[in-house]
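Here's the structure we're looking at; comments come further down.
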Amino acid sequence: MEPSKLFIMSDNATVAPGPVVNAAGKKTFRTCFRILVLSVQAVTLILVIVTLGELIRMINDQGLSNQLSSITDKIRESAAVIASAVGVMNQVIHGVTVSLPLQIEGNQNQLLSTLATICTNRNQVSNCSTNIPLVNDLRFINGINKFIIEDYATHDFSIGNPLNMPSFIPTATSPNGCTRIPSFSLGKTHWCYTHNVINANCKDHTSSNQYVSMGILVQTASGYPMFKTLKIQYLSDGLNRKSCSIATVPDGCAMYCYVSTQLEANDYAGSSPPTQKLTLLFYNDTITERTISPSGLEGNWATLVPGVGSGIYFENKLIFPAYGGVLPNSTLGVKSAREFFRPVNPYNPCSGPPQELDQRALRSYFPRYFSSRRVQSAFLVCAWNQILVTNCELVVPSNNQTLMGAEGRVLLINNRLLYYQRSTSWWPYELLYEISFTFTNSGQSSVNMSWIPIYSFTPPGSGNCSGKNVCPTVCVSGVYLDPWPLTPYSHQSGINRNFYFTGALLNSSTTRVNPTLYVSALNNLKVLAPYGTQGLFASYTTTTCFQDTGDASVYCVYIMELASNIVGEFQILPVLARLTIT
C-alpha cells in the first residue's frame, strides 16, 4: 500500500483513516437505536399493563356497581313489601284496639237501650219481671268508669253545692243502732251498694246484719242524676258478716265478707283464718252464698279480711281487695320476711341514716297490736265462669312495692287497674298504685304494683302516727278515704303534676273531724269544699265520679260516714255534687 495512505503513530500502531471512523459511528448509533427501541417497548408495555389494570378495575367496579344496584333494588322491593305489611298491620291494630271496641261499645249501648225500651213497653216480657230493666240511663252509660280528663294539661276545678236527691242509703232507726262500712260499685249497667247494720252500737264483733241494694242511674226532671234503687236484700241469718266488699257483676252484685264474732286483734292472734264468704245476688232475686277457701290461704294466713272498698269484674274475673296477718313460719311468711317499701317525700324527707330508716320501715309491718304478725295486702281473684264452684286464689303483691297491708279498693278506669290502700301505717299521705296482673292457667298468678307519688294532704292519725309524721315507725292508725282519679297517671317526666283526683278528706292531722270535699293534684290541693259544721265528726269516705255524656256534665258521689246525734253513732250519707272543670 502506498505510504501516503497511512498515518504513523508514536506507538507504531497503524490505523486506516476514513473508513475506520465511519464504522465506529454506525455501531454507536445502532446501539443507541436499540436502547431507544427497547425503552419505547418497555414504556409501551408498562402503559399496556397500566391500561389493562385500569380496564380490569373499571370492569370490576362496574360489576360491583351492578351488584350494589341489584341489592339496592331488592332492598327497595323488600321495603315496599314491608311498608305495605306495616300499613296492613297498623290497620289491624287500629281496628282491634280502637274501631272494634268502639263498635262493640256502640252496639252494646244500642242493645241496652233497646232492651230498656222493650222492658218498659212490654209488660209481658218474662225477663223484665219488674218492668224496669237493670240498665242505667243511656246518658250515663258511656261516662261510667272513664277518665274525665284525657289530656295532661293544667286545669282548674270547682265543686258545686250538694244536689238535693233522695238518699239510696237507709239510716239506723234507733238511738243505739249503727250503720257502718259502706262499699259502693258503679258499673256500666247498674250500681251495687252494701253496709253493715250493727245491732249493739258500733261493736262489729257482736251481732250484725248486712244491707245490700242494687239500682240504676236515672235523670231527674231537674237534669241531674238520681240513684234509683230497684232491689234490696237484707241478710239477717245470724251470721256476723264483717268488712264486706261489693262489686257489680252481670245481672247483679257479688259481695265478699268474712265471718267473725271476736275482736280484730284476736283474729290476728290465731292460727286459722276465719270463714270467708262469697255471696252472689242477682236481679231475679236469686241469692247464692258459698264458703270459700282460696288457694294460698290455709297454712299462710292467721286471718284474712276483705278490703271494704269495692272490687271489680275484669276479664271474666272477680277481683276484690283483701289484707290480713301472715303466719311467720309459713311459706309466705318466710318468702316476705325481709321485704319492705319505704317511700320518700322529696319536699319533706325524713332525716336519719338510710340503713336505720330501712330497718324501721321493715319493723313497721309487724305491729304488736296484731300479735307481731306481718300485716299483708292481697287480692282475692275468682274465675267468673267457675264462680259457682268458687275457684278463687289469693294473689299477693311484693312488700317491696307496697306498705303494710290495710283496707283498700280496686278501681277499673279506661281499662286501667288502680289500687287504693289505706294509710294505716307510718306513711301519712294517700296511697294509690297502678296495678297489673299476670294470670296463669296453672300455677300462681302474680301482680305488679307501681306507686303513684302523692304528697298533697294527710289523713288524721294518732300519737307518733299523726298526719305530720313522715318517718318510718310502727303504726296502726289513719282512716279509710279512697280517691277517684280524674286523669290517667303518666310516668313521663314533667307532666305528672297534672294528675288530678277527687274525694272527701278529714281536715285534721289528729282527729276524725271536718269532712271536706276536695280536688287535688299530686303535690297540692286545688279545691276544698267543707261539708257540714266545723268540728263535725266523720269517718270512712268513698268516692265515685261519672259523666253525663248528653251535656258533658261531671258528677261525683261522695259517700261519707257522718256523726248522728239522733239515730245511731253514724249516718251514712251520699253527697252528690257537680264538678266543673276548666
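Heads up, the Cβ atoms here are built off N, Cα and C, so glycines get one too.
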Report summary line: Of 240-245, 306-311, 420-425, 492-497, the range Swiss-Prot tags as region 'Involved in neuraminidase activity' is 240-245
Report summary line: From ASN127, ASN329, the annotation N-linked glycosylation site in Swiss-Prot is attached to ASN329
Report summary line: Feature N-linked glycosylation site (Swiss-Prot), candidate list ASN12, ASN507, assigned to ASN507
Requested in this report: In Swiss-Prot, CYS475 sits in a disulfide bond; tell me which of CYS465, CYS545 is on the other end.
Outcome: CYS465
Query raised in the report: Mind checking which of CYS471, CYS545 has the disulfide with CYS556 in Swiss-Prot?
Result: CYS545
Report task. Using C-alpha atoms only, work out the spacing between CYS192 (disulfide bond) and CYS475 (disulfide bond) and round it to an integer in Å. Result -> 33
Report task. Sort ASN400 (N-linked glycosylation site) into helix, strand or coil using the DSSP assignment. Result -> coil
Report task. State the Cα to Cα distance, in Å, between CYS202 (disulfide bond) and ARG180 (site 'Binding to the glycan motifs of the host receptor'), rounded to an integer. Result -> 8
**Report entry** C-alpha spacing of ASN329 (N-linked glycosylation site) relative to ASN400 (N-linked glycosylation site), in angstrom
**Finding:** 19
Report summary line: ARG512 (site 'Binding to the glycan motifs of the host receptor'), Cβ-centred 10 Å count of other Cβ atoms over all protein chains shown, is 19
Query raised in the report: Hey, how far is CYS465 (disulfide bond) from ARG512 (site 'Binding to the glycan motifs of the host receptor'), Cα to Cα, in Å?
Result: 14
Query raised in the report: Under DSSP, is CYS178 (disulfide bond) helix, strand or coil?
Result: strand
